[in-house]
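According to TrEMBL, the protein carries these features:
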type	residues	note
DOMAIN	2-142	domain 'Aspartate/ornithine carbamoyltransferase carbamoyl-P binding'
BINDING	Q78, R102, H129, P130, C131, Q132, C262, L263, R290	carbamoyl phosphate binding site
DOMAIN	149-300	domain 'Aspartate/ornithine carbamoyltransferase Asp/Orn-binding'
BINDING	N160, D222, S226, M227	L-ornithine binding site
Amino acid sequence: MRHFLNLMPHPPELLRDLLTNAARLKKAHEEGKDPNSLCGKVVGMVFEKPSLRTRVSFEAGIAQLGGTSIFIPGSEIQLGQRESLADFARTMSQYVNGLVLRVFRQETCDEVSRFASVPVINGLSDISHPCQAMADLQTIEECFGTLDKKTVVFVGDGNNVARSLAVACGKMNMKFILAAPKGYEFEKDFLQRLSVKVNNADIVETNDPIAAVKNADVIYTDVWTSMGQEAEREIRLKTFEPYQVNEKLLSKAPKHVRILHCLPAHRGEEISNGVLEGPASVVFQQAGNRLHAQKAILEYLLGGK
Ligand code: CP
Ligand code: NVA
């Protein structure tokens, strides 16, 4: 059974195929020629956390490909509480053709996938956000015409979005730099697993955002306090202050640099309003690409292309 739980196990060739198909699906959509590749397919979506982009782009994408989605708030299902994840997975597999899960713990996704007989897609966990990373790659490729050897500098927290992007960059022969405060870098264990999966992955960590962006093609940031970390907000606001992506930091980067942010953004915290709204920003193109990147993932998993 194929799943899309994180990018680590997937070969570069698959990511390449997904990106090519995402570009094809984007063109088809813009021409009003969405294929009917999910005709008769039903996708169950269980979200334990809030969402705009992931929920709506999945629901819209499934509908545009001729399928149907059923959205169920996490509070309704109470994953792992009302009944075991194994019982949930085996029951749901008989009703739907695929599952999208947004969860507090990556283990929830992994455990459901062990018992599901339909594909499971991770729509964000505490550890990873693989669908976001696919839309990020699509956007970077649109900006530069290629991914090869491009340098992505993630400024901020070594979080779920950063981890998936680092894996994506490693797989696609790109350079990834994480500029994070001490204590918020990637875990040793994550870097170890990545080096096993990707030979010569070009991943660098630093505590100096100014030095990091010197040769950046892309500067990427995300919120300092992710969903589930609200109790740490005050301390994080202080710790991350020198890591704001603002006009001063942008002035240290090459002229051609592009700004990405997975959104939602906290203007005045991780990014200044001027940079988010400025000419280097492609954040809404990036948000739009969630639709197309996920359609490619759905076609791959649910029997289309
Ligand atoms: N970027 C992203 O996943 O947005 P949502 O939390 O709104 O889905
Ligand atoms: N790192 C953020 C991403 C939101 C899309 C979070 O997990 O809340």
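Keep in mind that glycine also has a Cβ here, set from the backbone N, Cα and C atoms.
In this entry, Q78, R102, H129, P130, C131, Q132, C262, L263, R290 make up the residues listed for carbamoyl phosphate, with the farthest two CA atoms of the set 27 Å from each other. D222 (L-ornithine binding site) sits 6 Å from C262 (carbamoyl phosphate binding site), taking the CA atoms of both as reference points. Between the CA atoms of H129 (carbamoyl phosphate binding site) and N160 (L-ornithine binding site) there is a gap of 6 Å. The distance from the Cα of M227 (L-ornithine binding site) to the Cα of C262 (carbamoyl phosphate binding site) comes to 14 Å.
For ligand 1, the neighbouring binding-site residues among Q78, N160, S226, M227, C262, R290 are C262, by Cβ distance under 6 Å. It is Q78, among the binding-site residues Q78, N160, S226, whose Cβ has the fewest other Cβ atoms within 10 Å in the structure shown. Close to ligand 2, meaning a Cβ under 6 Å from one of its atoms, are these of the binding-site residues C131, M227, C262: M227, C262. Residues N160, D222, S226, M227 are the ones the record ties to L-ornithine, and the longest Cα gap between any two of them is 12 Å.
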